[in-house]
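Here is what TrEMBL says about this protein:
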REGION    1-33  region 'Disordered'
TRANSMEM  98-117  transmembrane segment
TRANSMEM  129-146  transmembrane segment
TRANSMEM  201-219  transmembrane segment
TRANSMEM  225-249  transmembrane segment
TRANSMEM  286-305  transmembrane segment
TRANSMEM  317-334  transmembrane segment
TRANSMEM  362-382  transmembrane segment
TRANSMEM  402-425  transmembrane segment
TRANSMEM  446-477  transmembrane segment
TRANSMEM  497-528  transmembrane segment
DOMAIN    552-718  domain 'STAS'
Amino acid sequence: SCRQENGISHFPSSVSKLHQTSEQSQDVQSSLTPGEPPVDFMHIKLEENEPIDFGTKDFILKKAREVCKCNHQTIITFFCQLFPVLDWLPRYNIKMQLLGDVISGLLVGIVAIPQSISYSLLANQDPIYGIYTNFFCSIIYVAMATSRHNFVGSFGVLCLMIGQSVNRHLQLAGYDDNTGSLLVGNATSSSNGTGTCDRSCYAITVALSLSFLVGLYQVQMFTTLGFVSVYLSEPLLSGFVAGSSLTIITSQMKYLLGLNIPRHEGVGSFILTWVDLFRYIQNTNICDLVTSLVALAIIIPVKMINDRYKDKMKAPFPIELLVVIIATVVSYYLNFEERYKSSVCGAIPTGFRKPTLPDTKLFSSLAVDALPIAIIGFAMTVSLAEIFGKKHGYAVHANQEMIAIGMCNLVPSFFYCFASSAALTKTLLKESTGTQTQLSSLVTSLVLLLVLLWIAPLFYSLQTAILGVVTIVNLRGGLRTFGETPRMWQLSKLDTVVWWTTMLASTLITTEIGLLVGVCFALLCVIFRTQRPRAAVLGKVSNTEIYEDQSAYRQLSSIANIKIFRFESSLYYANKDYFKTALYQKTGVNPVLLAARHHRAETQAKADTGNRKSVFNTAFGCLKPSKKRVEKSPTGIRLPSLDMHTLIIDCGAMQFIDTTGLSVLKETRHDYQELGVQVLLANCNPLLRRRLRDGGWAAGAHGGQLAFHSVHQAVQFAQQCGDGLAAVCGRRR
């Protein structure tokens, strides 16, 4: 009989003799469907490469030799990879790059001043710590980053998550919730004069300990946890940012209204905060409300103009800093704090504090909080770096970015900084204002240094309502994604569902749980796609070797007595039942059901009479007038003939099969062979071929078929075996 092993077709010697005679060759040609070209089956033999098998000992020795190989050039290469600034700084072109870096650094620094202060409010910290964070992180990222455009500093979503963790620990420690005002006055001292750490001191202790753990996680991701960020898809991240933006806006509303309401944490905090806002709305501070509305009415239109004409403007107008300066001056001279009880920033100290160590006693309670912050921070940093790297045509190394952002959280934690990542607003501003290298971040650090040394106390009278407005208007990017959902729905309904699920979970539950829900739901969607994939019966494009889905394209011709089935997913335990269901439905032949019907018919015939021959003729006498042929299956059961003698399964979309999938393929071949239908596989990748061979797919009484390298090759083989070589193959036509 005809058979194929390892992609090689084997025919008996009689087949070769048949090929040599013109008369039998004409029989082969006459068996083809009308319009088909003559069959010319090619014998393809591919010899597989032997897989390289490194033992554990050999692998460890090989890596040890690579690591321990130490010479002058290796040391230089190591430090240049760890600190990319050593590579690009000697090649810095002052004439071509310096002007763009200086202008961009100044503009980003101007924007970073109000954002640093406002994001400190969001992180439940004093304003000075936000300036510390942006200052130290910028310097470290300059030395270790491969991205030329990222700006690392305080990021709204991370500040929200930090603030939630800090507030939870403050409540556990028994500190009063000073609602409606920043932690001011002597709060930035290490103690309150009695030898004990006050509320502000404990808040920054929690934040810097959290930052240390975040940095530790991110550095470890280089070797252990980097795979986690792979599961943060673009719709998931976009939905998470949108949900976090709504939560941030909700948390800032009390500052815009001047209300003293508690900061809710945990499940349902979004709804509880809005309930409290409406409950205490009669206590609104009119001065804060009017100030907020005026600031919004000025900032939003100007930022819209900046966005609309950004291609024509050399630099965006720094409206936020201008509003902050004017609001501070007005609040100071009109004495809003005393006359209208308006909440203000208060005293902001100058200079730097002595380095400190994280509180190791807090590590156990902060370990869970640090993980989602580390993942989101890394994902945002690498995503922005790759976007601008592709746009400007330079390489970004994700592993080095992972180390860089980890060190930006690890080292600054000793200098009273909280966790940071690439800041979306400032990164976009940096890129749009013509930055060339990370030298612009050094210029930004110099601007922040001026604030730290001399300018910070001038913001004493700045209203917290203005800081809330600055925070809210910088969330426009996250809120714009709501308008993109209709377009996303047209492109992918499943991605849109992932977006809405993540957004709602991040908003209505908590940001951490929302991220977890989004990741789990996205993974379930992937499983669902593979559990019920698309399946199709293929037809041939005329005068080509191309086979496509008959339900998707017109003018495709079917191959006589051959069914070609394509399953567009890997075959494993979760979709094995759907594979059989789709196969039986698409081919129109259920071998299990047909065999069961005939088995019941034979059993009934034997029970009715002892004379099997007469009863059988009576039972199937209705078949005689139609002159239908009756065949014997390999088991001896007499079955009516089918409209197919070969089933070809296109495995081109199968990346892998597990043991359950292999068993299903074997069962399928066995069931169809009971009906006299041979089963061939096509387009199997090398991994599938190896699994089929090791699993005994080619074993059997007649050798069996393994797999063909293309659907067309399998069709040619089936036509020769099924039509032209019927006598040799032993098939009853």
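Heads up, the Cβ atoms here are built off N, Cα and C, so glycines get one too.
Just so you know, TrEMBL annotations never went through curation; they're auto-generated.
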Quickly jot the same-chain residues contacting the transmembrane segment (225-249) by Cβ under 8 Å, restricted to those at least six beyond its ends, or write none.
122, 156-157, 160-161, 217, 269-270, 374-376, 378-380, 382-383, 398-399, 402, 471-472, 475, 477-479, 481-482, 488, 492, 495-496, 498-507, 511, 514-515, 518-519, 522-523
May I ask whether the transmembrane segment (362-382) has at least three C-beta pairs under 8 Å with the transmembrane segment (446-477), counting pairs 6 or more apart in sequence?
no
Lying 6 or more residues past either end of the transmembrane segment (286-305) yet within Cβ distance under 8 Å of it, the residues of that chain are 255-258, 316-317, 319-320, 323, 327, 336, 340-343, 463-466, 468-470, 472-473, 476
Is the transmembrane segment (98-117) in contact with the transmembrane segment (317-334), using three or more Cβ pairs under 8 angstroms as the rule and ignoring pairs under 6 apart in sequence?
yes
Leading stretch by Cβ pairs under 8 Å, where the reference is the transmembrane segment (362-382) and the options are 98-117, 201-219, 402-425, 497-528
201-219
Near the transmembrane segment (402-425) in space but 6 or more residues beyond its ends, with Cβ under 8 Å, are 82, 111, 115, 123, 125, 129-130, 132-134, 136-137, 140-141, 144-146, 150-155, 158-159, 162, 204, 207-212, 214-222, 226, 352-353, 355-358, 370, 373-374, 376-378, 380-382, 384-385, 474, 477
